[in-house]
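Worksheet: one structure, shown below.
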Amino acid sequence: MIKKLSNGFFIGNTAQAGLQFLMIPLLVSELGAVEYGRWGLLEPIIFIFALIAQFGCNWGMIKLVNQDGVSVNVALRLSFKQVVFPLLFSALAAAIWAWFYFPNTIIFLIFPLVIAVETCLGLGLAAARSSLNSGAYALAILIKFGLLAAFASLNKILVNPWVSTAEQFLSVYLICTGFSAIAAVLSIIYQTRKTNSTSLDGLNISKLADSSRVYGLPLLFSSLLVAVMNNADRFLVSGLLDPKTLGIYVIALKLAGALNFLITPIALWWPTARFQHLKDDDLGQAFFSDMAIKFVAGFSIAGSLLWLLSPFLIPYFAAGIQIDSLVLCFLIMAVVIRAIEPSLNIGLLQEGKTHLLVYVTGFFAIFQVVIGYIFVLQFGVLGAAGSFMVSSLLSVLTLHCWSQKIIRFNFPYVKMLTWIGSVCLATFFVHRFLISIYSS
């Protein structure tokens with residue numbers, strides 16, 4: 001499993017994070033801070049409507065393959081059948097949202113198509129994750145973000161750039177995602193063509209489809225609420241502050257998101273690993289305890305290094321734009337906290353318990369919006385970043401407490417806190433040292 005992770009999932013997602021990282025200065029210079037801020041509003045909405053369209057089948061597919069023993073080709077076909085009507089609903093809702101939020105633009109025409117291809121890509125990637133097909137996963141990721149990066153680079157060197165607005169870049173995004181979705185689905189079909197499809201009668205198919213929905217839908221609702229938590233800050237900044245400030249804040253978010261080099265491949269591998277290690281003789285006690293320390297140590301160190309290096313990275317990201325170091329610190333802390341959460345939340349992903357995720361994330365989504373509104377009015381972008389960090393911390397702690405009530409694991413809390421304290425102290429002293437050198 002680790003070998004497959006390092007070969008395909010890690011390479012694919014590291015390439016994704018790297019290409020996204022490299023595209024930031026290109027897009028900022030090509031679109032400008034204001035248009036880049038508008039694109040920063042479109043990205044999470046694409047994710048949200050695509051999640052709705054997938055109707056929880058992306059998570060249900062993992063259960064079908066890893067727990068119910070359904071072959072991945074059957075699970076993929078079953079999932080596509082289940083998302084037809086949710087996709088139509090989501091595409092229409094996306095068009096209506098775009099019509100009202102971005103009036104007098106063509107975004108409302110492009111958005112439904114973007115949601116459709118993003119949904120197909122999401123199911124294809126879920127099939128690859130379910131079967132640990134790292135090759136198909138990496139291929140789709142590299143096509144999508146490779147094409148986007150190639151276009152951004154070409155657009156940069158043109159005397160008269162083809163793309164200078166958010167809606168124009170959305171059209172490019174549609175084309176690149178479409179090619180990626182086709183590659184993902186065809187790769188899964190091709191690689192499973194010689195495998196024996198699971199033999200199921202109509203009754204079993206119906207039961208398995210219902211079972212996958214029961215498992216996946218609470219995770220869908222939870223993920224939508226998490227998306228609200230993760231993105232409410234930028235929409236509050238958009239509504240309460242000026243467009244240029246939004247653009248600068250989105251750039252800070254993207255810089256904090258550089259941690260996706262580590263987070264994304266591990267987060268995608270984790271659900272399958274969790275299912276498999278719950279079958280260990282000790283129910284995964286040794287594995288989950290060990291991984292909790294590695295999550296805390298690894299992500300804390302990575303976040304610290306990113307913040308310490310940020311003064312050298314910001315001029316590369318956006319020349320001439322000033323980003324408050326405390327704002328960036330809060331954002332990086334929030335990203336690290338969210339990255340650690342999967343290792344501390346085992347019980348709430350059990351079948352029949354996933355609905356509890358909705359209660360926790362729903363409460364903290366509302367909490368994030370309320371305190372975010374108050375903090376942004378009082379402290380500006382610093383308040384937006386601070387509210388994101390606070391809501392993330394409280395949410396993860398609550399999820400962990402509920403998880404422990406369902407399945408209790410003996411986590412090494414002392415070692416975890418020692419790592420956090422050590423990294424914070426080291427960061428403080430290194431930061432002071434760098435300031436003294438820079439000042440002199």
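Here the Cβ of each residue, glycine as well, is placed from N, Cα and C on the backbone.
Taken from TrEMBL as is:
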TRANSMEM  7-28  transmembrane segment
TRANSMEM  40-62  transmembrane segment
TRANSMEM  83-100  transmembrane segment
TRANSMEM  106-128  transmembrane segment
TRANSMEM  135-158  transmembrane segment
TRANSMEM  170-190  transmembrane segment
TRANSMEM  211-228  transmembrane segment
TRANSMEM  248-270  transmembrane segment
TRANSMEM  291-310  transmembrane segment
TRANSMEM  356-376  transmembrane segment
TRANSMEM  382-402  transmembrane segment
TRANSMEM  414-435  transmembrane segment
### Message
With contact taken as 3 or more Cβ pairs under 8 angstroms (pairs 6 or more apart in sequence), are the transmembrane segment (106-128) and the transmembrane segment (170-190) in contact?
### Response
yes
Given 83-100, 170-190, 291-310, 356-376, 382-402, the one sharing the most C-beta pairs under 8 Å with the transmembrane segment (414-435) is 291-310
Would you say the transmembrane segment (211-228) and the transmembrane segment (356-376) are touching, if the rule is that at least three C-beta pairs must lie under 8 angstroms and be 6 or more residues apart? yes
**Message:** Could you check whether the transmembrane segment (248-270) packs against the transmembrane segment (83-100) - three or more CB pairs closer than 8 Å, residues at least 6 apart in sequence?
**Reply:** no
**Prompt:** Counting only pairs 6 or more apart in sequence, are there at least 3 Cβ pairs under 8 Å between the transmembrane segment (40-62) and the transmembrane segment (211-228)?
**Reply:** yes
Answer key: the stretch among 7-28, 211-228, 382-402 with most Cβ pairs under 8 A to the transmembrane segment (135-158) is 7-28
Lying 6 or more residues past either end of the transmembrane segment (7-28) yet within Cβ distance under 8 Å of it, the residues of that chain are 36, 39, 129, 133-135, 137-142, 144-146, 148-149, 152-153, 155-156, 169, 247, 251, 254-255, 257-258, 260-261, 264-265, 268-269, 316-319, 321
